Ligand SMILES: NC(=O)c1ccc[n+]([C@@H]2O[C@H](COP(=O)([O-])OP(=O)(O)OC[C@H]3O[C@@H](n4cnc5c(N)ncnc54)[C@H](O)[C@@H]3O)[C@@H](O)[C@H]2O)c1
Ligand SMILES: O=c1ccn([C@@H]2O[C@H](COP(=O)(O)OP(=O)(O)O[C@H]3O[C@H](CO)[C@@H](O)[C@H](O)[C@H]3O)[C@@H](O)[C@H]2O)c(=O)[nH]1
């Protein structure tokens with residue numbers, strides 16, 4: 001099938017590339033000329049495992065191309081995916097300006113029947129707004145009868161495992177209108193997704209509004225699990241309980257399950273924080289409060305300070321003359337994404353308290369510097385006390401403590417003796433609970449994890 005992707009970021013690029021790999025002819029459109037030039041010259045603008053090779057092979061096979069030419073892109077696809085960003089507005093609501101601009105672009109060039117798919121995460125009612133924009137644009141071109149149907153097909157991929165998630169979806173949610181155009185769109189979407197899903201066993205067909213809501217409900221549920229565990233972990237620290245044993249203890253109940261119950265430095269990334277806020281905002285717009293989710297968000301904001309608190313407990317609030325090694329900057333492993341990364345909060349707090357930082361991240365260094373320059377735009381001199389190490393162990397040399405923010409695999413089995421020799425004092429503040437407290441104690445470390453107090 002001919003498919004067009006509007007917006008070639010994390011979701012658009014992965015969606016387009018995977019659909020091309022299944023034999024479709026895919027054109028990826030973006031407004032960002034530099035991004036498209038990079039893609040056309042064989043580069044990949046994001047770090048996502050497995051994506052480079054898949055882009056290269058599909059581009060070489062002639063099934064995947066990149067353009068800034070809106071007219072050509074809209075003409076190409078029988079299915080047009082809108083996969084542009086929906087960042088939070090100042091009041092927490094999802095800003096739909098990119099989605100509606102994409103809809104206008106489609107409306108300016110649309111001919112014949114097209115399926116317009118909202119792949120972006122968008123609040124309830126957006127499908128109707130997109131349809132209205134399309135109708136207006138077509139009326140302005142004197143083509144009021146040109147056909148289209150707007151489908152909601154939210155994306156559930158996780159960064160760092162995006163290709164795998166897209167290729168093996170737990171479910172494919174299709175929100176369609178209950179009219180002839182909607183049913184025609186559904187048939188095309190089913191054909192597109194048939195390779196994942198021969199008997200439609202993974203497809204959940206529903207109305208557009210319910211599909212839009214399902215995406216927020218999924219992220220809200222996962223964020224709730226994380227805040228719940230972070231809250232308990234902080235109590236576990238006080239009452240001498242190991243939250244990891246508790247996680248295993250409760251996870252064995254299939255009604256609870258093991259995943260997304262890891263305590264840490266709070267959830268970050270481009271989705272959970274903004275999607276929880278957006279759902280809370282939707283509720284307020286409708287005269288309701290989502291009190292559980294408001295608490296989820298408040299707990300998360302607080303949890304981003306957990307490492308700062310532990311460092312201050314150990315050294316006091318004046319960190320002048322102290323140096324900290326920091327492992328991991330990206331909001332999670334296997335990505336270079338720094339959006340809402342908890343490391344941003346920690347770095348700013350430590351620098352403001354006078355500390356020096358030597359940071360390591362396998363891939364996010366440039367993105368991190370870019371994000372921190374934005375965060376600290378009013379106090380740029382602070383960044384003079386931030387350096388980067390090429391290797392994790394290099395960061396430790398002469399540091400007063402190691403602080404771990406992101407659980408990259410490379411940090412999981414360090415040489416503890418070498419670590420101890422490099423650090424000025426054997427203190428590890430671990431925001432990801434990577435090590436066994438007893439093993440760290442035996443190796444002579446003071447180990448401050450999240451909800452895993454040292455005994456004795
Ligand atoms: N990142 C994720 O893991 C993830 C997963 C599921 C859903 N989502 C949702 O998918 C959407 C996209 O997220 P993302 O992380 O891929 O965003 P992103 O910022 O990485 O990419 C968006 C791209 O759209 C382009 N763009 C903006 N306006 C455009 C227009 N009018 N025409 C063409 N291109 C345009 C931008 O230049 C950018 O390259 C969001 O709604 C997000 O909530 C993201
Ligand atoms: O037990 C856990 C699991 C995750 N996290 C944190 O939660 C955040 C989000 O992690 P993850 O969900 O793995 O990454 P995302 O790429 O943000 O993916 C989420 O957001 C996407 C965008 O909507 C959805 O498509 C995915 O299904 C959803 O998992 C990260 O900061 C993680 O460190 C924890 O603290 N504890």
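Backbone N, Cα and C define each Cβ position, glycine as well.
Taken from TrEMBL as is:
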type     : residues                                                   : note
BINDING  : 30, 35, 86, 121, 159, 274, 339                             : NAD(+) binding site
BINDING  : 156, 157, 158, 159, 215, 260, 261, 262, 263, 264, 268, 332 : substrate binding site
ACT_SITE : 271                                                        : active site, nucleophile
DOMAIN   : 325-437                                                    : domain 'UDP-glucose/GDP-mannose dehydrogenase C-terminal'
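Everything TrEMBL records as a feature, shown here on the structure.
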residue : record                 : DSSP class
30      : NAD(+) binding site    : coil
35      : NAD(+) binding site    : helix
121     : NAD(+) binding site    : coil
156     : substrate binding site : coil
215     : substrate binding site : helix
263     : substrate binding site : coil
268     : substrate binding site : coil
274     : NAD(+) binding site    : helix
339     : NAD(+) binding site    : coil
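For ligand 1, the binding-site residues lying close by, meaning a CB under 6 A from one of its atoms, are 30, 159; the full candidate list was 30, 159, 274.
When the record's substrate-binding residues 156, 157, 158, 159, 215, 260, 261, 262, 263, 264, 268, 332 are compared pairwise by CA position, the greatest distance found is 24 Å. Here the domain 'UDP-glucose/GDP-mannose dehydrogenase C-terminal' (325-437) returns a mean pLDDT of 97 for the predicted model. Taking residue 268 (substrate binding site) as the reference point, the binding-site residues whose C-alpha atoms are within 10 Å of its C-alpha, out of 30, 35, 339, are 339.
Comment: NAD(+) site residues 30, 35, 86, 121, 159, 274, 339; largest CA to CA distance 24 Å, whole number. The Cβ of residue 215 (substrate binding site) has 25 neighbouring Cβ atoms from other residues within 10 Å, across all protein chains displayed. Residue counts for the domain 'UDP-glucose/GDP-mannose dehydrogenase C-terminal' (325-437) under DSSP, helix first, then strand, then coil, are 44 helix, 19 strand, 50 coil.
Taking 35, 156, 158, 159, 268, 274 as the candidate binding-site residues, the subset whose CB lies under 6 angstroms from any atom of ligand 2 consists of 156, 158, 159, 268.
Other Cβ atoms within 10 Å of the Cβ of the residue listed as 'active site, nucleophile' number 26 in total over all chains.
The Cβ of residue 86 (NAD(+) binding site) lies under 8 Å from the Cβ of 94, 95, 96, 98, 99, 120, 121, 122, 274, 278, each of these being in the same chain and 6 or more residues away along the sequence. Residue 159 (NAD(+) binding site): 25 other CB atoms within 10 A of its CB, across all protein chains. Long-range neighbours of residue 261 (substrate binding site) (same chain, six or more residues apart, CB within less than 8 Å of its CB): 225, 226, 229, 247, 250, 251. Among the recorded positions 30, 35, 159, 271, 339, the residue whose Cα lies closest in space to that of residue 215 (substrate binding site) is 271. Between the CA atoms of residue 271 (active site, nucleophile) and residue 339 (NAD(+) binding site) there is a gap of 9 Å. Closest by Cα distance to residue 156 (substrate binding site), from the binding-site residues 30, 35, 339, is 339.
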